[in-house]
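Quick notes on the structure that follows.
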Amino acid sequence: MIQGKLKRLKRYFTRALHRIQKGPGYTYKELLVWFCDNTNTHGPKRIIKEGPKKRVMWFILTLVFAGLVFWQWGLLILTYLSYGVSVSLSIGFKTMEFPAVTVCNTNPYKYSRVKPLLKDLDELVATALDRIQYSSQTQANTFTYNNTRQNVTLDPALWNHIPLVVIDENDPSNPVIHNIFDNSVFYSKNNLLRNSSEDQTSYAQRYKVAMKLCTNNNTQCVYRNFTSGVQALREWYLLQLSIIFSNVPLSDRVDMGFKAEDLILTCLFGGQPCSYRNFTHIYDADYGNCYIFNWGQEGDDTMSSANPGADFGLKLVLDIEQDEYLPFLQTTAAARLILHQQRSFPFVKDLGIYAKPGTETSIAVLVDQLQQMEAPYSSCTVNGSDIPVQNLYEEFNSSYSIQSCLRSCYQEEMVKTCKCAHYQYPLPNGSEYCTNNKHPDWVPCYYGLRDSVAIRENCISLCQQPCNDTHYKMVISMADWPSAGAEDWIFHVLSYEKDSSYDITVNRNGIIRLNIYFQEFNYRSISESEATNVVWLLSNLGGQFGFWMGGSVLCIIEFGEIIIDCMWITILKLLAWIRNRRQRRQRPQYADPPPTVSELVEAHTNPGFQHDDGNHVTEDIPGTPPPNYDSLRVNTIEPVSSDEEN
């Protein structure tokens, strides 16, 4: 039974192979005529059925409309491969997670705690101010200086490494450079700054304050110029401050900053009391101790708000203690705050806003939820795992953001180029923060990287936006707080609650009130969806084919069939041509068999083998006739088994 089925299957494939070897059995012309006569597409049938003139007309129309179909198909395929998206927008109100709120004091350290550390640095800055400041006491706006600081003792360890200089550009081709801390230059009788014959404008145009940045043991130096002495001093002060505090342990720096109970005086959320204990501490390189409300870290439950308005949001009273500000560090007295997602790192310096002391600041929040399509529709990243940059902010258990990626990328370049890490960013594994003792050339290297356009563009190209992101749009309004009639009792109560003092220790210069709440419409969802898909592509391809030529999928199959048949015939013809060519190459030059040796010998001795030039006709020798049979049947008999007939 099984052997019989195998035999039948073998015979079936044998016959199929024979049919393939023989081909369709038609010529090209016969195939085209058959296709035009049997296809369901409109147009080709008219080419073979109509008269000569109409044949030409229908042939041209068929070619034109076929070209239009292929052109439209090309446009549709290109549109599909462009992976376009459609954007939908929805606005409304619903119960939502309240954003995480990070608050900082713009002054990172209490001056009373760090004054011993900064004594020498502050004296240096005061001396520099005396030597570059201007006075408008006279009509000529002459420069005045403080003689009491003429004999001040300057610590060379602080200023020799990165000195402040004044560049005299009276002769642009040959500028003169003076060290601000050099007493012999600035207090000589003929020093340039004591010249009172020039006014303030000419002085500002002539003299520029700069930082001198040197590498390779002071053999290669550049000057970082500033348009204002204030900018130069503050930049230089920040740099020196970072060098000083790089040797201070983090725990000590935290103790030198503002405690949560000192900064956050009162707290209400949704009408329910809260306190500084509901805030999570985080240390910021620029602002010191910062505190985050509703961060959602370490399994903490996040808080939600179900109603709009200030009564259902967060209310805070902050005290920034302006009398504890470092005099040469911060020129702005305010609180710095930022609204961000839960479990995301707050980049307060770059994305935060200020809250002014002596005011009540109300912030109405609208949540923008952005949802982008993944690759290939966009270059966004889902969680940052496909970004070739190590996220240094993972130690805070925070989610991916483009800000964290850019800073991690810059820190990697810093470690690679300068051989040390910058103190403002997290420390990569196997590296150390920059110090003057171990890395004497790190400051010029840092400024070179910071000013490098190529480094910024490289990091921007590596870092991608997250596919799902949330932004908080804020409408901010302010009013004086407290009012003149209420400030006395409010300050008494706040002072007592802060340090149990009956004396007023809180004043308008440091007090801030914040109201953060949802607007009437608290969310706006902007989401992307694919503008084209396979269903869209197939329907449009079929629509164009049906509109221009009245065809369908079966017509495409018919067209594919004739193409396969034509290719089949072409292959068979090519194989036959190759086979015939091989046979011609293998065919002998002479049709008769070659003569034997004896025949060749006899040809030289027997003249009968010589060529006869005359027209001699040899008589035919009569042959033997064939035998007589009653019948002669010559037929090709092909044995056919009974199974095959069945």
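Each residue, glycine too, has its Cβ placed from N, Cα and C.
Summarising the annotation, Swiss-Prot assigns topological domain 'Cytoplasmic' to 1-57 (among others) and lists similarity to another entry as the type of evidence. Confidence annotation: the topological domain 'Cytoplasmic' (1-57) carries a mean pLDDT of 72 in the model.
Counting only same-chain residues 6+ beyond the ends of the transmembrane segment (58-78), those with a CB under 8 A from a CB of the stretch are 43-44, 46-47, 50, 537, 540-541, 544-545, 548-549. According to Swiss-Prot, the feature transmembrane segment maps to 58-78 (among others).
What Swiss-Prot lists as topological domain 'Extracellular' is 79-551.
According to DSSP, Cys290 (disulfide bond) is assigned to a strand segment. According to Swiss-Prot, the feature disulfide bond maps to Cys104-Cys290 (among others), an assignment based on similarity to another entry.
According to DSSP, Cys221 (disulfide bond) sits within a strand segment. The Cβ of Cys221 (disulfide bond) lies under 8 Å from the Cβ of Lys212, Leu213, Cys214, Thr215, each of these being in the same chain and 6 or more residues away along the sequence. Annotation source Swiss-Prot lists disulfide bond at Cys214-Cys221 (among others), citing similarity to another entry.
For Cys267 (disulfide bond), the number of other Cβ atoms no farther than 10 Å from its own Cβ, over all displayed protein chains, is 20. Secondary structure at Cys267 (disulfide bond), as computed by DSSP, is strand. Taken from Swiss-Prot, the feature disulfide bond applies to Cys267-Cys274 (among others), supported by similarity to another entry.
Residues or ranges marked as disulfide bond in Swiss-Prot: Cys380-Cys467 (among others). Around Cys380 (disulfide bond), taking its Cβ as the centre, 19 other Cβ atoms fall within 10 Å, counting all chains.
Annotation source Swiss-Prot lists disulfide bond at Cys405-Cys463 (among others), citing similarity to another entry. Taken residue by residue with DSSP, Cys405 (disulfide bond) is part of a helix. For Cys405 (disulfide bond), the same-chain residues lying six or more positions away in sequence with a CB closer than 8 A to its CB are Gly384, Ile387, Val389, Asn391, Cys459, Leu462, Cys463, Gln464.
As annotated by Swiss-Prot, disulfide bond applies to Cys409-Cys459 (among others), with the evidence given as similarity to another entry. Note on Cys409 (disulfide bond): other Cβ atoms within 10 Å of its Cβ, all shown chains, come to 24.
Under DSSP, Cys418 (disulfide bond) is assigned to a helix (H, G or I) in the three-state scheme. Taking the Cβ of Cys418 (disulfide bond) as reference, residues of its chain lying under 8 Å away and at least six apart in sequence are, in sequence order, Cys434, His439, Asp441, Trp442, Cys445, Tyr446, Leu449. Annotated disulfide bond per Swiss-Prot: Cys418-Cys445 (among others), in sequence order.
The disulfide bond annotation in Swiss-Prot covers Cys420-Cys434 (among others). Other Cβ atoms within 10 Å of the Cβ of Cys434 (disulfide bond), summed over all protein chains shown, number 24.
Per Swiss-Prot, the feature transmembrane segment maps to 552-572 (among others).
The feature topological domain 'Cytoplasmic' is assigned by Swiss-Prot to 573-646 (among others), with similarity to another entry given as support.
The feature region 'Disordered' is assigned by Swiss-Prot to 586-646.
Per Swiss-Prot, compositional bias 'Basic and acidic residues' is recorded for 610-619.
Under the three-state DSSP scheme, Cys104 (disulfide bond) falls in the strand class. Among the disulfide-bonded residues Cys267, Cys274, Cys380, Cys420, the residue whose Cα lies closest in space to that of Cys104 (disulfide bond) is Cys267.
Look at Cys274 (disulfide bond): DSSP puts it in a strand. Across the fold, the C-alpha of Cys467 (disulfide bond) and the C-alpha of Cys267 (disulfide bond) stand 35 Å from each other. Distance from the CA of Cys409 (disulfide bond) to the CA of Cys420 (disulfide bond) is 14 Å. Neighbour list (Cys274 (disulfide bond), Cβ cut-off 8 Å, at least 6 residues apart, same chain): Cys267, Leu268, Phe293.
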